[in-house]
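Q: Before I ask anything, let me first share the structure, which is written out below as structure tokens.
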Amino acid sequence: MSETASWQPSAPIANLLKRAAILTEIRRFFADRGVLEVETPTMSQATVTDIHLFPFQTRFVGPGAADGLTLYMMTSPEYHMKRLLAAGSGPIYQMGRSFRNEEAGRHHNPEFTMLEWYRPHYDMYRLMNEVDDLLQQVLDCDSAETLSYQQAFLRHLDIDPLSAEKAQLREAAAKLDLSNIADTEEDRDTLLQLLFTVGVEPHIGRDKPAFVYHFPASQASLAEISTEDHRVAERFEVYFKGIELANGFRELTDSREQGQRFAQDNRKRAERGLPQHPIDNNLLDALQHGMPECSGVALGVDRLVMLALGAESLSEVLAFPVDRA
């Protein structure tokens, strides 16, 4: 791609036209299936507690907030969408902006378009099939392969992630020349994520999308624990051509359990010297009121468009990435 002046869009206009057509196709996909499009706030008084997510924040100083009210840019519309589900919305989707104060590069931009949808009464596998349908339609690709998190580790690293001790994980990391990181890392899930990123991701989803499901229960986040194997969570991720595309759950509906997970996250944040994040009590109240059993998924639209167009970088499918914003 030739160099352009900084005032110009980084993506060719032809790519932006194709992007618009893909967004229309996505909306048609959900309209044909009777899924309601919704809009929720991009700022909130509460935010995620996940130790791996870093939200932007600002201060509202308008009427009623003379001392300033901290607001967080949403890393995902999940919490608000679950409140809609608890209010009786039925199946819903949203395609809008999310924000993460993290990295920027070929596959990352701090402001990005997220497609998120929720299906009441769907189990994880039925939602995986619907995600697969969408990918085949937009990317014109083959149906995805599926493998469990455990199978992925055994196949590519010859180690069982559900039973391996930290010493075994460090040995596996050493074979990948990661000892400089692994030898000082005490968190087991961080070690697993390191091994997954370096030792598994590059080998899956090369020719067709790959669904990896049943992540360890310790990485459940907002997912239910499997009733068949309490070592794993009803959670899946989708990879294609070296890119993580989506993250889905059979959603946790127990407000007490969710509150305990939020509190545990904040304890981990304190241990790492990270700021405590305000827990979203509106979400907990919605769960207490009663959210229907459902499954949900978040998918990166910019990355999807990049794959559909055969682009090498998000800058080829975004008008103004952060370095031109």
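The backbone N, Cα and C atoms fix where each Cβ goes, glycine too.
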Q: Check Swiss-Prot: it lists Arg100, Asn101, Glu102, Glu244, Leu245, Gly300 as binding ATP. Then name which of Asn109, Asn282 it lists for that same site.
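A: Checking Asn109, Asn282 against Swiss-Prot: the ATP site match is Asn109.
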Q: Determine which of Tyr118, Tyr213, Tyr239 appears in Swiss-Prot for the same substrate site as Ser76, Pro77, Glu78, Glu251.
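A: Substrate site check in Swiss-Prot: besides Ser76, Pro77, Glu78, Glu251, the record includes Tyr118 out of Tyr118, Tyr213, Tyr239.
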Q: Can you give me the residues near the recorded substrate site, meaning same chain, not Ser76, Pro77, Glu78, Tyr118, Glu251 themselves, Cβ no more than 8 Å from the center of the site's Cβ atoms?
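A: For the substrate site the neighbour list reads Tyr79, His80, Met81, Lys82, Glu116, Leu222, Gly296, Ala298.
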Q: Measure from the CA atom of Glu251 (substrate binding site) to the CA atom of Glu102 (ATP binding site) and give the result in Å, rounded to a whole number.
A: 26
Q: Among the binding-site residues listed here (Ser76, Asn101, Asn109), identify the one with the smallest other-Cβ count within 10 Å.
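A: Fewest other Cβ atoms within 10 Å, among the binding-site residues Ser76, Asn101, Asn109, is found for Asn101.
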Q: Using all protein chains in view, find how many other C-beta atoms are within 10 Å of the C-beta of Glu244 (ATP binding site).
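A: So the number of other Cβ atoms within 10 Å of Glu244 (ATP binding site) is 16.
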Q: Which three-state DSSP class does Pro77 (substrate binding site) fall into?
A: coil
Q: Using C-alpha positions only, work out which of the binding-site residues Ser76, Glu78, Tyr118, Glu251 is nearest to Glu244 (ATP binding site).
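A: Considering only the listed binding-site residues, the nearest one is Ser76.
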Q: Would you measure the largest Cα separation among Ser76, Pro77, Glu78, Tyr118, Glu251 for the substrate site and round it to whole Å?
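A: Overall maximum Cα spacing for these binding residues reaches 15 Å.
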